[in-house]
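Okay, so here's the structure we're looking at.
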Amino acid sequence: MDSEALRKYSALHPKPAGLTLQYGTAGFRTKAEQLDHIVFRMGLLAILRSKAVTATIGIMVTASHNPEEDNGVKLVDPLGEMLHPSWEEYATQLANAEEQELQKVITDICQKAAVNLHKDASVFIGRDTRPSSEKLSQSVIDGIQVLGGQYHDYGLVTTPQLHYMVCCQNTQGQYGKATLEGYYEKLSKAFMELIKQSHCSGESQRHLKIDCANGIGALKLSEMKPYFPQEVLIHIYNDGTKEKLNHLCGADFVKVHQKPPGGLDMKPNERCCSFDGDADRIVYYYKDTAGHFHLIDGDKIATLISIFLKELLAKVKQNFKMAVVQTAYANGNSTRYLQETLKVPVHCVKTGVKHLHHKAQEFDVGVYFEANGHGTVLFSKAAETKIRQLVKEEKDDEKREAAKMLENMIDLINQTVGDAVSDMLVIEAILALKGLTVQQWDALYTDLPNRLLKVQVADRRVIDTTDAERRALTPPGLQEKIDALVKKYKLSRAFVRPSGTEDVVRIYAEADTQENADALAHEVSLAVFHLAGGKGAPPQP
């Protein structure tokens, strides 16, 4: 390692005094002007990680659904998955090291993780459309070059596209071609093959309005348009030419505020969807004839996909194990519908994509979505091999047709990470194949009324949880209090969990009516305020 070069470049990307940041599920995320030293150092870390696993690593510069003035950076592991948890620790250490300890921290990481500095290294870089992203990705390149690695800068891409490229590269092209054209071709071919098998002529022209959050999704969807068949008419709104990224629009805004985004005029019963700022989340929605807004979130997306896959799996008559993975935020009625009506096993894990992804890998077919619209489907190697074999060899027509559809689903789904473009095409294909309207999809089950609240506390660490965050272990007495409050309402449940990023406690409550859900959430928030060291004035109803 060239200590002189490290010193020189590090001085060009100085760490602001007293700033400490934590690498979390979303990587690092903060105001863009505080990130220069972080992205430089993540360039260094990506090279170390690449040398440690002898594979290409990805670096994405994005802050997803955060405001435009924020930015962030996260690393992508060899198969397109999130950075290994042990390396999240190294990322945090490297980011917070003072200038003079930088070399020592790098040496320590090399020792702990058995990194051979003489090995080759390669990194793929991508960025979103924020004004700060281009300069920050330049700083990433500085970090890469200090430690002497190869890199390929893809420039403007969605987060899931970068995950896809990294996976293609490290599977020697088995997953696909590591180019944007390769991505567009793979998805559009699988999509066209699927809808070829749809017999519903009623809605031959399928209109869809898409709010792209004034982000990267708009650019990439426009590039992909020529690959789509005539039947798909997508109309792009909030394309970034007029307004700010994520401002009053995007999947997060729509989900949190339960209302349509600005910049998109909805007529009754039109199918609409929203991407988030880096296009890894999607939610659908529509307005009924009475003008009421209906949100179709990640839970209902998972349900639609599960219905479709379960039917196909029944037809191919293999003993594949299928399950849906949710978090405690999943609406109680979605869990009931999946378990009782569909008879699909449901598993609940802690909040955070990495926990869902990890659990979904335990099944032949693992469907996971967070309520916020981030999710995908994972197929085991064994299941995928068997399905592709049936397509080639199965004599029975019905079985072979079902296997063919499953094969196209495997190719259409981005298994590396939640991908709004891919998920949208999956949903559009299923609606076309099943001849469903957006209203019929919405009517599968009715969401239980719910309320999300947050309470400011002096220290979020006073709350410790268990049972996939559904029960509080500390502070003493809190869970007993919640249990007593829940008993007062029908069909109710409530849980509290500390935020991963700020000193607030998040509260979720659901009940038979909105009034009761609101009352329960408020009572639980008062209990948290009094028992967990609330700050400021007590919560008001």
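Quick reminder: no glycine exception, Cβ is built from N, Cα and C everywhere.
In TrEMBL, annotation is done automatically, which means it is predicted and not curated.
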Can you identify, from 220-247, 388-415, the stretch that TrEMBL calls coiled coil? 388-415
Validating a neighbour-count step here. Other CB atoms within 10 A of the CB of Gly500 (substrate binding site): how many? 13
Can you give me the residues near the recorded Mg(2+) site, meaning same chain, not Ser64, Asp276, Asp278, Asp280 themselves, Cβ no more than 8 Å from the center of the site's Cβ atoms? Thr62, His65, Thr158, Thr159, Gly215, Ala251, Phe275, Gly277, Ala279, Arg281, His374, Ala420
With the greatest number of Cβ pairs under 8 Å to the domain 'Phosphoacetylglucosamine mutase AMG1' (178-283), the stretch among 52-100, 105-166, 297-435, 452-525 is 297-435
Could you state the whole-number distance in Å separating the C-alpha atoms of Ser64 (active site, phosphoserine intermediate) and Asp278 (Mg(2+) binding site)? 5
Long-range same-chain neighbours of Glu370 (substrate binding site), Cβ under 8 Å, sequence gap at least 6? Gly298, Thr327, Tyr329, Thr351, Val353, Leu356
Counting Cβ atoms within 10 Å across all protein chains shown, which of the recorded positions Ser64, Asn372 comes out on top? Ser64
